Ligand SMILES: Nc1ncnc2c1ncn2[C@@H]1O[C@H](COP(=O)(O)OP(=O)(O)OP(=O)(O)O)[C@@H](O)[C@H]1O
Ligand SMILES: [Mg+2]
């Protein structure tokens, strides 16, 4: 018999009620596989940071169990935490200390023997080596975020949490971050990251979980998820009123507005199919001799998706 | 199993933080103590008779040392744990494989170490102004270490409790310093008129100052056994409070 691979992290019935009564997590069940990149997708206040805090020790859980590396985290926290790294959402460190010393400190704090060459490697991989002697407060915001990442990597964690790694960083740094995470995957590190952006989950993750109001609504393979989540919406404003849609458009999910002045497309699946179909609809309109004066196209927002998911769940229940 | 590497990392990190502020943290206590010696030891002390067979300038050395020990141990340890709470760096401590033992040995050990260094500097400075000798040097060292550790523990509790910088400084400034002044730093309590000599015995600092004075001169207002017992009891209470703080995550975990 082939042994079933054990999840690296196994969360069951995790509930967190903050003092004051706010239920930030509502019996969350989640299994994380070894070596995967898992994206936790959710709007502000969904409970993402709370979930990470519950695993990493900042949050006292109200009920539920967490197993890490096959052992109960509540009992074996000391050995488990040595193997977990965390990049928090907010900056937080001794601003007056230097980059290299802070990273070395983190390594020691997590119980690893000093290793200057490993610290150098981490700093180089994050383009921080030139800045190693600088006081952290003198670095730019993006650089400070990199220091946080360097601190989290200094003890070579097997399981890494990244709480909104790309919030407030420019496009270049974002790409860079994605590359970094790719490199970590190569090394076999399991990564759990949170994000507000569907594109980010799409770009990086193997699997995606959607969380809202403390409830984990859906967990699935990225591709499956994108098919379910993705929606493209396009509005063509017509030059002249139309009484009915031309036959060429019959095969597309399009509708004509009541006033006959707007053609509306709603479809696609997050794999680029929507965008291609909008282009095809535009061509079909032109070929049918219908003139449009404006085209407004957008991908469905996270909020649209949550509304959709909650409705679906409501129906299923 | 206690995580020694983590403990050492915290300890070193704290000491390096002290090193960055070495000027203020050493110069100011040394200056303050020197002023006391000049004013009380030299200027006024010349007109005061010996106290219990000890020259007045020498008599105030243990009290002044205690004054610095208490305030420095308390404020160093409280800042040590308050700063990460304030900056948000506490996340790292909470997510690290460290428990109450590592945190205490690291933070409190570092604060106590700094107090010991200060004590050595102050005792050396005192030699410039007065002539004194220590009757039980080893006992004195142990007692100083005990007091430094106890009040670093108290500082740690304060640093966890405080929710602002004023609160952080309130206890050393409003409680410890006045009690130390009233605690027989500058006088022997039998110099007080009745009933103040009895009331003074309710001040716990009296026992600390006199405990240290006993190690210096071999006699004091209260018995060394009582002093030692009270100090140990205080240390034990602080450790217990901190153990509860960690167990419940009070003010540290949300
Ligand atoms: N320490 C706390 N005390 C009380 N309530 C809290 C605390 N921390 C978070 N909350 C509440 O719990 C809920 C979940 O917060 P959490 O920070 O986990 O959300 P999030 O998904 O990380 O949001 P964001 O995307 O904005 O970071 C929010 O309603 C928040 O107000
Ligand atoms: Mg968050």
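In case you wondered, yes, glycine gets a Cβ from its N, Cα and C as well.
What TrEMBL records for this protein:
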type	residues	note
DOMAIN	B:20-249	domain 'ABC transmembrane type-2'
TRANSMEM	B:21-44	transmembrane segment
TRANSMEM	B:89-110	transmembrane segment
TRANSMEM	B:116-134	transmembrane segment
TRANSMEM	B:141-162	transmembrane segment
TRANSMEM	B:168-187	transmembrane segment
TRANSMEM	B:222-246	transmembrane segment
Checklist entry - Residues sitting near the transmembrane segment (B:168-187): Cβ under 8 Å, six or more positions beyond its termini, same chain? => result 40, 51, 60, 63-64, 66-67, 70-71, 74-75, 78-79, 82, 154, 158-159, 162, 200, 203-206, 208-210, 221
Item to check | CB contact flag for the transmembrane segment (B:21-44) and the transmembrane segment (B:116-134), at least three pairs under 8 A | outcome: yes
Next on the checklist: If I count Cβ-Cβ pairs under 8 A between the transmembrane segment (B:116-134) and each of B:89-110, B:141-162, B:222-246, which range comes out on top?
Outcome noted: B:141-162
